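Below: one structure, written as structure tokens.
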Amino acid sequence: MDFISASSLSSPFSTQLSPIYLSSGIVSLKPRHRVKNRNFGSRESNNKSRKIVPIRGCFGFSGSFLRSKQSDYGSEAVSESLRLCGEGNELVLSSEYNSAKTRESVIQFVTKPLVYALFCIAIGLSPIRSFQAPALAVPFVSDVIWKKKKERVREKEVVLKAVDHEFSDYTRRLLETVSVLLKTIEIVRKENGEVAEVGAALDAVKVEKEKLQKEIMSGLYRDMRRLRKERDLLMKRADKIVDEALSLKKQSEKLLRKGAREKMEKLEESVDIMESEYNKIWERIDEIDDIILKKETTTLSFGVRELIFIERECVELVKSFNRELNQKSFESVPESSITKLSRSEIKQELVNAQRKHLEQMILPNVLELEEVDPFFDRDSVDFSLRIKKRLEESKKLQRDLQNRIRKRMKKFGEEKLFVQKTPEGEAVKGFPEAEVKWMFGEKEVVVPKAIQLHLRHGWKKWQEEAKADLKQKLLEDVDFGKQYIAQRQEQVLLDRDRVVSKTWYNEDKSRWEMDPMAVPYAVSRKLIDSARIRHDYAVMYVALKGDDKEFYVDIKEYEMLFEKFGGFDALYLKMLACGIPTSVHLMWIPMSELSLQQQFLLVTRVVSRVFNALRKTQVVSNAKDTVLEKIRNINDDIMMAVVFPVIEFIIPYQLRLRLGMAWPEEIEQTVGSTWYLQWQSEAEMNFKSRNTEDFQWFLWFLIRSSIYGFVLYHVFRFLKRKVPRLLGYGPFRRDPNVRKFWRVKSYFTYRKRRIKQKRKAGIDPIKTAFDRMKRVKNPPIPLKNFASIESMREEINEVVAFLQNPKAFQEMGARAPRGVLIVGERGTGKTSLALAIAAEARVPVVNVEAQELEAGLWVGQSAANVRELFQTARDLAPVIIFVEDFDLFAGVRGKFVHTKQQDHESFINQLLVELDGFEKQDGVVLMATTRNHKQIDEALRRPGRMDRVFHLQSPTEMERERILHNAAEETMDRELVDLVDWRKVSEKTTLLRPIELKLVPMALESSAFRSKFLDTDELLSYVSWFATFSHIVPPWLRKTKVAKTMGKMLVNHLGLNLTKDDLENVVDLMEPYGQISNGIELLNPTVDWTRETKFPHAVWAAGRALITLLIPNFDVVENLWLEPSSWEGIGCTKITKVTSGGSAIGNTESRSYLEKKLVFCFGSHIASQMLLPPGDENFLSSSEITKAQEIATRMVLQYGWGPDDSPAVYYATNAVSALSMGNNHEYEMAGKVEKIYDLAYEKAKGMLLKNRRVLEKITEELLEFEILTHKDLERIVHENGGIREKEPFFLSGTNYNEALSRSFLDVGDPPETALLSAPT
């Protein structure tokens, strides 16, 4: 199928009259990609079709199977009367016409083929603007022609035929960019633009070409991946069918031995179905291969090749235009200058002169011949006549130009016209050695030729006129149409004979060859059926239509003959434009022409191919087969000798038979063949074929099994460690506490070993400890700032006074402190307190570790260490001996009899002796820390020894406030410290330790900054300036008032200043344990978190919040939000219990508070009744209803707060049993509980009904924003006119006559059980 590509349209004489600057040679137009094309003819055109080998024949089946048929395809005979020029331009018409047909019938008969032919000819002859300049441009002429030709050549979009290839859109898109380049050239040529604009337009063409080429290749890669994936799936399915056929074959052999014919017939049918499916699969695989090859060929040969050609033509066009501008600038030299040509310029002018001489001498002779040359048809003759006419016009214009030149140049001197011989050193081979000189005095004039430029601008107009005239003549004159068709048919046969006459058979090479001169003619006449190109051998094989022979063409010879007309690349592009299937075999491409990505892919693919080749070599294949065979043999031996017998012993026979793991033993039993039985049978055959049952075999079996097990164990161990990490979920997790324990244990073992090594080396631990002795000047927390020691302040001052003046205690006869034990949990500040006491007393501290005092190389060394420690300390008194984790080496004595433990007890005894001896030597205090003082030996805790025990508890609220305030002064901006309500912060940090409280102020400030909206780009720009010039500003300048003022202004400008509202907002959002979060951070919800899903939860939360706001002096609602990340979403309310000024006094609950709590429990339940549609009630309020029943029961039975104010208490938690009472009295108690229960329900219902608008507004805003604060709730109540309750708030004062519900009294015994068993 032929088509005309928009990227390669040319004139009929494009191969003979192409411009010289297109002769770039085969090297310059070498494609940058490997191109592999294929003939895209139909599958019926192939001489051979693929045979699908029947499955039955492969596996030995004897039944009748479907066999794939081989179709015989032959070339159809084409009648001479039905052939027209080419596939695309051929007109099929019968050679005999009926003379009786009317004029209208004849016109109707020839209209359609003629219009089709004319359309194709018009498309073939119409130039495209993007390729007009490089295809037909010739050396320039003077500006006279430009002034006469003011008509602009209109751009006409080439409408491609329906049979065009799929990449024509990319070509059109690139041609649109090329049209911009051509317009730019025209503008610059008219001196209305700059030359740089041409370069920019060319760059735009290159960029667009790269973009389009990338799109084409990405589409190709995507299609290739999809098709190859489908092909792999089909291959796997085919392999599976083969495996199934093998299994059916084995079954048929078994059935054949048993004589079961019916089952044999069923197997035969199954095999037929499988064979049919197998054949279809391979047919589909062939189709996929064809599609893959077609897509690759089409993409690379058409899409990419056309884009590359367009880009190169544009580059040549720009080069030609630049030469034209240079030549114009050369002509514009002032008249006073003397023309002096260089040697290279003379050579170029001689080349142009020879070319123009040949054109002017040969073409007129050709046109004057009566018989047209065999290579020219009538169209070519008409074209030559037109060229002759243009040459005559050119000569006339040239004579006029010479006359005008004579008039202007007479003033320079006498006219001289003579022939000058070129010197031998400057002569160019192949050109005349003499040239004509035209001189006016000393001025030389060179007259250019005008025909080239005139032909260029008249080409398009001539095409349009010729096409219109031919079409009109064919439609009007029927006889002319018949004659035209007959001539075309005759011309086709004549063209084929001419081409065949240029072929011969080379007996030496045993091949048919074709003259390279005949190839362009055969291509232009569309006589070539297909072509194969081998660039590495520089040959081409062409096949003519209707002939099965391939003709050899020498590309090198062709390149030499047509070097000036584009060479072989021009021929290749013309073949693509004519739709000739051309396949380019793989060839060597220089690495310099490949991009980095292509070079990387080339290296990787080459390496992959090399490894595949090595893997398929005989040596590697034999080694691989040997190793796999050995592994299989070992597996079979282990399974037969160990695994299969164990399985048969453990699993009963009946169970194995049902699982398909055993063959039937009875005739009536049947079982299908399973993979297990197949594996067992193959393993048994393999095992029996190698088992010799001698000692040597068993010995080697044990050796092989041991080696195999060792390797397999380490492989699985490696995979267990590495595979999870590669998959992305890390190694198998163990208990972190156990891992931490082993690390700590290893550390202590290392320390103990290290101490023993030092002792062996003669290192004294006591000397080492005193070498580390230091005075504490700046403790972590000064003693005056310690907030949790108010109750122990007097004892601590006593210890400090003793250390400062030990003699004062001795003179007064007071008992001096001998040992101090600081007890507290981790993080309470035990070590900080010891250092603070040392700093306050201004005495040194000796830090002793437990491992340094323990037993060493001999028995009793620990006691000696203690004696030496205290002796040295007395010499250096006053001093503090500080021991951390005192319970590690001062534990309870008498639990063990081991020698090591006995030495430990001697260590404690010596420590007791030293503590008792303090009366003689003062100024030494043993200060130790521990978490559990009960683990220390009681003798050490008796009076007179370590009797000063400081218990560090969790700080109180006031102490936490002081700790927070002190930490804020150190870490926060001083201006922000007073903006925070530290009392409120201390209430929310109850469970935090002092060391954690110090981090809260910094977290508050950072969270406040995170909640602000900042301009990140502006902030980063300022930060970069600060980082660059901060070292230039001196420190004294920063401390000035002006610098501080400017800093504050800059902070305000960047929005970094924090206000009191920002800090209060952060404090309100603090979590109960001191963790600060900027609002509620939600994860991805587990369900679709829509408005319908959120509505029940929002109603539940809004009811709780509103009832809390309406009750006076009750708990405070701080936050209200919806949490979609919980199970199916959840509504949340954060309510803080009142601790002062309300209904709860301390830890005791008043009657008023319990009644308010009872009313509060009905808030969410009543809200759901009011806002949810009937029947959509849920169980979200069930826990609160249960809580209300519990409160009502406790008020009546335990507290005596019934509706009748009876003080009788009927149940106590510490009583042996409940108060005995009759059934009637129990009914009365149940009635009281129900009465107060219903009173609370009615009270809550009335409150919410009066504030229904407020409830709806809270629900609506909660659904919209998903979070509301206490301020938001107060605003909603105020804006919507909420009605709050006032004090006194009592349920017993409500007018109530009879209980609304008698649910407790409907049945006899159950109310008793419910009443007495109610949770309290």
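Note: Cβ is positioned from N, Cα and C throughout, glycine not excepted.
Just so it is clear, the model here is predicted, and its values are computed rather than measured.
The transit peptide annotation in Swiss-Prot covers 1-43, and the record cites sequence analysis as its basis.
Swiss-Prot lists 571-591 (among others) with the feature transmembrane segment, giving sequence analysis as the kind of evidence.
If you look up Swiss-Prot, you'll see 633-653 (among others) marked as transmembrane segment, on the strength of sequence analysis.
Residues annotated as transmembrane segment in Swiss-Prot: 695-715 (among others).
Taken from Swiss-Prot, the feature ATP binding site applies to GLY824, GLU825, ARG826, GLY827, THR828, GLY829, LYS830, THR831. Its Cβ placed at the centre, GLY827 (ATP binding site) has 14 other Cβ atoms within 10 Å.
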ATP site, defined by GLY824, GLU825, ARG826, GLY827, THR828, GLY829, LYS830, THR831: further same-chain residues with Cβ within 8 Å of the Cβ centre: THR929, LEU952, ARG993, PRO994, ILE995
For the transmembrane segment (633-653), sequence-distant contacts whose Cβ falls under 8 Å of one of its Cβ atoms, 6 or more beyond its ends: 659, 661-662, 680, 682-684, 686-687, 690, 701, 704-705, 708
Neighbour count (Cβ, 10 Å) for GLY824 (ATP binding site): 21
CB contacts for ARG826 (ATP binding site) [other CB atoms within 10 A, all chains]: 8
Least Cβ-crowded entry, counting other Cβ within 10 Å, from the binding-site residues listed as THR828, THR831: THR831
Chain-internal residues near GLU825 (ATP binding site), provided their CB is under 8 angstroms and they sit 6+ positions away: ARG931, LEU952, SER954, ARG993
Cβ-Cβ distance under 8 Å to LYS830 (ATP binding site), same chain, at least six residues away: ILE822, VAL823, GLY824, THR929, LEU952
Secondary-structure category, per DSSP, in which GLY824 (ATP binding site) falls: strand
